[in-house]
Amino acid sequence: MIASWLMSSRHAVVLTGAGMSTESGLPDFRSEKTGLWTRFNPQQLASTYALEHHRQAFIEFYQYRIRTLQACRPHEGHMILADWQRHGLIQEIVTQNVDGFHQQAGSRHVIELHGSLRTVHCQRCGNTFNSIVYLEQRFTCECGGFLRPSVVLFGEMLPEQALEQAWQAAQTTDVLIVLGSSLQVSPANQLPLVAKRNGAKIAIVNWEPTELDGIADVVIHKRKIGDVLREINKEWKARDGR
Ligand code: APR
């Protein structure tokens, strides 16, 4: 079904969440036991408040996340999405993820709604560095400013341009596929609603039920995203005579 949607779509968009990267070894946020927010308190570690008032805990938390990220790689699902983009099956990828795996897998037009853990930037002068500096115990810019991860912290606004592009994509798409998001965080979770209002077909692939299953035309639970993408990919190639 989804393969035929993609083959006949005018402007397909994929919205990914942390569930897209668990098969790469990165924990998501809200899965039972393994999710980051079931083990750490996001307000105490991933917020503007933590940045200002719990600086040491903030640094240690992001060192842990950057170290985990360094040990992981995109999986076949990321490669499949990049291949679909090269063949014009999908146009844009809007991601809530900060791991940069879509770009590493070769995807272009990746809209990073929540920033990127690949870099840190100076709070004072804006200079950007590879986030590996956190593992080299470097937290201060040459100008003396504090270096913070280039991710959106709780309490911060999303990057204006990314939000604008994501909104545009949601208003333009005729097929929106959600991969691995509980759709609990705004404004990302508004995008499927915008797409639906504009007549798009919606598919949600997520291990557990999500807040927006009710508006989806297709919902796939209790299946790994990698397996679902491999299956759709196989069907597309068979239909396309590849
Ligand atoms: N296959 C299918 N679904 C999966 C897989 C998998 N391999 N792994 C995890 N999932 C599902 C989980 O069941 C879960 O419902 O992915 C979903 C991930 O949801 P969250 O952990 O809430 O992650 P996400 O929706 O991306 O969170 C949004 O919240 O804390 C903020 O900034 C953070 O970007 C994040 C945002």
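Even glycines carry a Cβ here, placed using N, Cα and C.
According to TrEMBL, the protein has these features:
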type	residues	note
ACT_SITE	His114	active site, proton acceptor
BINDING	Ala18, Thr22, Phe29, Arg30, Gln96, Val98, Asp99, His114, Ser181, Ser182, Asn206, Ile225	NAD(+) binding site
BINDING	Phe29, Val98, Asp99	nicotinamide binding site
BINDING	Cys122, Cys125, Cys141, Cys143	Zn(2+) binding site
DOMAIN	1-242	domain 'Deacetylase sirtuin-type'
Taking the domain 'Deacetylase sirtuin-type' (1-242) alone, what is its mean pLDDT?
96
For Gln96 (NAD(+) binding site), write down the residues of its own chain that are at least 6 apart in sequence and whose Cβ falls under 8 Å from its Cβ; none is a fine answer.
Leu15, Thr16, Gly17, Ala18, Leu113, His114, Ser181, Val185, Ala188
For Cys122 (Zn(2+) binding site), write down the residues of its own chain that are at least 6 apart in sequence and whose Cβ falls under 8 Å from its Cβ; none is a fine answer.
Thr128, Cys141, Cys143, Gly145, Phe146, Leu147
In sequence order, those binding-site residues of Val98, Cys122, Cys141, Cys143 whose CB lies under 6 Å from ligand 1:
none
In Å, how large is the greatest distance between any two Cα atoms among Phe29, Val98, Asp99, the listed binders of nicotinamide?
13
Quick one: among the binding-site residues Ser181, Asn206, which has the most Cβ atoms sitting within 10 Å of its own Cβ?
Ser181
Which of the three DSSP-derived classes (helix, strand, coil) applies to Asn206 (NAD(+) binding site)?
coil
In Å, how large is the greatest distance between any two Cα atoms among Ala18, Thr22, Phe29, Arg30, Gln96, Val98, Asp99, His114, Ser181, Ser182, Asn206, Ile225, the listed binders of NAD(+)?
21
Taking the Cβ of Val98 (nicotinamide binding site) as the centre, how many other Cβ atoms fall within a 10 Å radius?
24
Integer Cα-Cα distance in angstrom, Asp99 (NAD(+) binding site) to Cys125 (Zn(2+) binding site):
24
